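Novice: Let me give you the structure first, and then I'll get to my questions.
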Amino acid sequence: MSETPAQCSIKQERISYTPPESPVPSYASSTPLHVPVPRALRMEEDSIRLPAHLRLQPIYWSRDDVAQWLKWAENEFSLRPIDSNTFEMNGKALLLLTKEDFRYRSPHSGDVLYELLQHILKQRKPRILFSPFFHPGNSIHTQPEVILHQNHEEDNCVQRTPRPSVDNVHHNPPTIELLHRSRSPITTNHRPSPDPEQRPLRSPLDNMIRRLSPAERAQGPRPHQENNHQESYPLSVSPMENNHCPASSESHPKPSSPRQESTRVIQLMPSPIMHPLILNPRHSVDFKQSRLSEDGLHREGKPINLSHREDLAYMNHIMVSVSPPEEHAMPIGRIADCRLLWDYVYQLLSDSRYENFIRWEDKESKIFRIVDPNGLARLWGNHKNRTNMTYEKMSRALRHYYKLNIIRKEPGQRLLFRFMKTPDEIMSGRTDRLEHLESQELDEQIYQEDEC
């Protein structure tokens, strides 16, 4: 039986047609859902892949790390050979260099190295994903409040059928609640109560120790009417108020127990650097708990008024002063009783804080190297109150010492110099002439700047 042309075409279409893949993923498997990383973020991370030993913050790089980074950049970006001797410094000193400093040290590749370093600094900034979609077991909100829970069982209990009361008790670990609050340990946040008659009086303590239920956390963050300041971050460490999972249905809420427990609050004072609080499970924390009731607080059978409740809130606060680690201040280069440049250079060479600017290459032979010419010029400018001092201007003063055979430039070496005399020998000579030459040089610079 012959087929009509229309039937043949329909048959061919059926054979060649393949149904498209369903855009809806299958949830039959028990594997967790992986959210793909945005393409722009993935491209930014894949654009520069440093070696494993260089993936620390550049501020922690050693001198060898800086040399290896230069070698890697030279190969990665097909740059001209870079003289690593011009970058003999650690990561801290590398971050002090400006773009002009990079160009001065490496005329052909300095701008690329500077932009590469800035890109690495941006790439090393921590990224925080605030969406709870990435962590179904945790509840992470943005600015209003951040609540971190170490236990994932509580959220899973929402979907389970209720068990007998004996099985419903779970001894969960303490929760850590990090909230944005004002300077005062007593918060002024008052959420509207569903029934004002049942809740005649709500102290700030009740709002402060209030913990979100899993059903409330699933609804996302709520808008806050309070003023969120960044100066203070109260951190409350407390046991769970309710050690049982709520019922799976929200239409039958359980009445709250008549007795609740207050929390012990550890409040971190404002500090430039916030250190993490490490809770060691081996050392138990003794929380002195006071019993609260919904219809008015009672303690030993006597009612407690509002002032006592505020005192209770203050008693349950532990003020922890978090101070940043001691860091050496950036040297500004001012040295007392030091007028001449050669003496100033000797003083800097004797101080280890200035090794990123100038250092001894061979102390016995009195050979020194200027590591950061522009930085050294800025230090000399601060010392002489010349904010526009440059290395070119400072090198003019150095040339006077060439003529007097005090300092000599090493032949064939860049930024390498040698003292031809000891400080005692220099002081025994005519220092008044040196002072006159240097002051004359500064006066000429000021005159030229005024002319411009």
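Each Cβ is built from the backbone N, Cα and C atoms, and glycine gets one as well.
The model shown is predicted, which means the values in this text are computed figures rather than measured ones.
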Novice: Given 1-30, 271-300, which one carries Swiss-Prot's region 'Disordered' label?
Specialist: 1-30
Novice: Can you tell which of Ser193, Ser257 Swiss-Prot marks as phosphoserine?
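Specialist: Swiss-Prot records phosphoserine at Ser257.
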Novice: From the list Ser203, Ser213, pick out the residue that Swiss-Prot labels phosphoserine.
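Specialist: Swiss-Prot records phosphoserine at Ser213.
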Novice: Which candidate in Lys71, Lys92, Lys99, Lys421 appears in Swiss-Prot with the annotation SUMO2 cross-link?
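Specialist: Cross-referencing Lys71, Lys92, Lys99, Lys421 with Swiss-Prot, SUMO2 cross-link lands on Lys421.
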Novice: Pick from Lys393, Lys403: which does Swiss-Prot describe as SUMO2 cross-link?
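Specialist: So the answer, going by Swiss-Prot, is Lys403.
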Novice: Do you know which of Lys125, Lys302 is annotated SUMO2 cross-link by Swiss-Prot?
Specialist: Lys302
